[in-house]
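Lifted from TrEMBL, the feature list:
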- B:T187: FMN phosphoryl threonine (MOD_RES)
- B:20-38: transmembrane segment (TRANSMEM)
- B:73-89: transmembrane segment (TRANSMEM)
- B:120-139: transmembrane segment (TRANSMEM)
- B:210-234: transmembrane segment (TRANSMEM)
- B:241-261: transmembrane segment (TRANSMEM)
- B:267-286: transmembrane segment (TRANSMEM)
- B:298-316: transmembrane segment (TRANSMEM)
Amino acid sequence: MSAAAKKAIETGKIWTFPGGIHPPERKELSNHSPIGQLALAATYVVPIKQHTGAPGEICVAVDERVLRGQPLTQSTTGQGLPVHAPTSGTVTAIGPGRIAHPSGMADIVIRIRADGEDESVPQQGLTDYTQVSRAELLDSIRLAGIAGLGGAGFPTAQKLALQRPIDYLIINGVECEPYISADDRLMREHAESIIDGAEILLHLAGCNKGLVAIEDNKPEAIAAMQDVLQQHPHFSLRVVPTKYPSGGEKQLIQLLTGRQVPSRGLPIDIGLIMQNVGTAYAVSRAIRHGEALTERVVTVTGEAVAKPGNYWVRIGTPVAHVLQQTGFQAQDNEQRIIMGGPMMGFTLPDVDVPIVKISNCLLVPSTTELAPAQQEMPCIRCGACSDVCPAELLPQQLQWLAKAKDHEGLEKQNLFDCIECGACAYVCPSEIPLVHYYRKAKAEIRNIAREKAKAEIARERFEARNERLEREKEQRLERHRKAAEARKKAQQEQVKSGGDNPQDAVQAAIARAKARKAAQQKAADEQASSNDEDNA
Amino acid sequence: MTFKLAASPHSHQRRTTKQVMRWVYLALVPGLLTIIYFFGWGVIWQLMLAVITAWVAEALCMKLRGRPIESAWHDHTALVTAILLGISIPGFAPWWIIVIGTAFSIIIVKHVYGGVGMNIFNPAMAGYVVLLISFPVQMTSWPLPVQLSQIDLSFFDSAVLIFTGYTPSGYDLEQLRMGADGMTMATPLDSLRTALNHEMTIDEALQQPIFGSIAGLGWQWVNAAFLLGGLVLLKVRVINWHIPVGMLLGLAVPAALAWMFSPDQSVSPVMHLFSGATMLGAFFIATDPVTAATSNRGRLYFGLLIGFLVFAIRTWGGYPDAVAFAVLLANMTVPVIDKYTQPVAYGHGEKS
Ligand code: SF4
Ligand code: SF4
């Protein structure tokens, strides 16, 4: 980043981003009371993969007793992220189970029956983290199972491990999605720990400037953070105007620095790194107290729960338990259970799925507060969608191209720069589920690319196999030729030396050679085909 | 228990196409009232004919395309087309003019191109131009402002005139258009053109009774009323400023230049802005989103182009008003405008 650019940032300037919307915030529903505790559930379901990247290997067995904070998976490569037991109890099953995912897909889960003791593994914190090596610190964060709690779920240590120059660490407390107030409450109640975690992150990022961003609709959180930040000269507070989606990574970067993350690039490409306040808090707990990530703040809200608010929820708690504890009453058969907020959350088909590291909200709206989608009408090209698109795309063109399956056109119109914020669909007077079409189109394009790559690999493999078989055949023929020659020679010598009845012996030898050859051929073919299966 | 699945976002701004259209209708009211005040009741009958024709045509198309007929009633775009066409044609034109025009707009311009959102040309203006070319006499027989006319027509007299060609007291349209001197009067823009062609100066031309203080008598107020309605639409964000501002600038700037260089021979920019269909065009016709450019920047250029074309056709062309032609010509350039005005998406510009 140039000196001039930094200077502009230092003035505390807040830039703007194009588009954006102002949906009803409805945060007052959940942000009035302190973060509550829930009674322990009887069973927990811990999916082994809760972050972007490969899962770790399972290191517990069925019937094994586990303690809270005990890793259930570990990774040998130093890349994957472990998951931990949310409470003490017994592992009852390991196998496929439904997880909270927009597609409702299944993954491997570890089921634990709680024993009610809630006994924890011994924990060991660090008082002075500057005394340990960077690698060790990063490893502690990884072993605590910390992934971005803001929604993306990218392993935090991995983000920090990239040894690249960083100008600013941005701590994201914007929380622009309506209804959600988990970060708001966390900042009000645990500002100290959040900033402590932020300092650790700053130390690891190897830069000396941090920006803490909060939306101006959270005066209490701003005050609490401001208070703590006075003792932390490396950090400065940035209050951003309330507008959705100002908390989106790309939009917040634009707000705070006036710059844009290059298409298909990362913030680190322009010397920035962003972490959510919840993540900073978890880092502080992991380093200072040696605590693994086994719980998070979840906003439970909507008019269909009796006790809306924020709760510390153990990772792996079935949604059913959370809803039952907060007095959920299904309103009618139009009832939706939304994991996440009203703009980007997804609906759950049932409530058996567990809360995971990235679940920041459970929203159970009544049909009057969030009316179900209406009949989709044709696009009238009014342009309302492109007026609000923060990525400066043309959503009306995208939907048209997506419906026509014009993949080339979609790429030209930068479909993959769509952040799926839903602002366009929010304003569309024809109620076209635009984001739904974009997701589908993206999946199709990705699938085609994957198929293509697969076909390419298969073709290469096929050619390699043909070559190998060809080579082996030649070698075999060569061997046989040599063997035949040797035999002929031996025979001639035998004839010369006047052995008796050589004809019989020749016949027998030919029969033997034939049998051997057939057997060899068969074995070679079998091996070749089994190799292919292994590779497939 | 299973729960309802839905795609995000789950929250939706409750402003439907219907509400948007309601604002448009409301914003047309002041203009409509001034038309009635200055040019009589004819326009109301034209509107009724247009709306009925549009509904019948829409229902027919729906049936032919195998869609539920009721959906014709949901579709406000047909209604807007009908209303714009009804307002645009001379108030006492015979009934079959508006019927043919509206049917053409809906059936050919809209549905043959694939229905809502697919048409390339502004349906109302395409219908208008077809009428103008096919029936030039009827389409240019603008009534005199009531204040200059010798004959006063009631609401029902107007209907009789439109359906039979004669008023109940036996006058035909031609007689209605005569001034006190017994000469047929042209519209202000026509009179100006004729005057300029006859080597009169503008000042001399403006002495004719058909002119008011700033533009044509009656026309200036009609334009002012549409301007008012347009501003309301801007205020409630039913339309964006890009097209109307573009069009008005595109018209006013060349007009001002011409006027500065030869004030005797040119129509003043103010006169341009408050004549003919300028304001109706800028706020209600050119803003048809389906046939306009896509991005806001593109729409600004689209508006500028229409404005300039209006100026050019009024100055050098042979037709009485230019808005319809200008809009259709600009419609044709939309793909080119779109190509060169695609906004730079996040992460693609130099800010990244
Ligand atoms: S908001 Fe909806 S109707 Fe309007 S242009 Fe966009 S997609 Fe079309
Ligand atoms: S969902 Fe995509 S296209 Fe729609 S407003 Fe957000 S970024 Fe733009």
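The backbone N, Cα and C atoms fix where each Cβ goes, and this holds for glycine too.
Automatic, uncurated: that is what TrEMBL annotation is.
Counting every protein chain shown, 23 other Cβ atoms lie within 10 Å of the Cβ of B:T187 (FMN phosphoryl threonine).
The listed stretches are B:20-38, B:73-89, B:120-139, B:267-286, B:298-316; of these, B:298-316 has the most Cβ pairs under 8 Å to the transmembrane segment (B:241-261).
Ranked by the number of CB pairs under 8 Å to the transmembrane segment (B:298-316), the listed stretches B:73-89, B:120-139, B:267-286 are led by B:267-286.
Contact between the transmembrane segment (B:20-38) and the transmembrane segment (B:120-139) is not supported, since fewer than 3 Cβ pairs fall under 8 Å when only residues 6 or more apart in sequence are counted.
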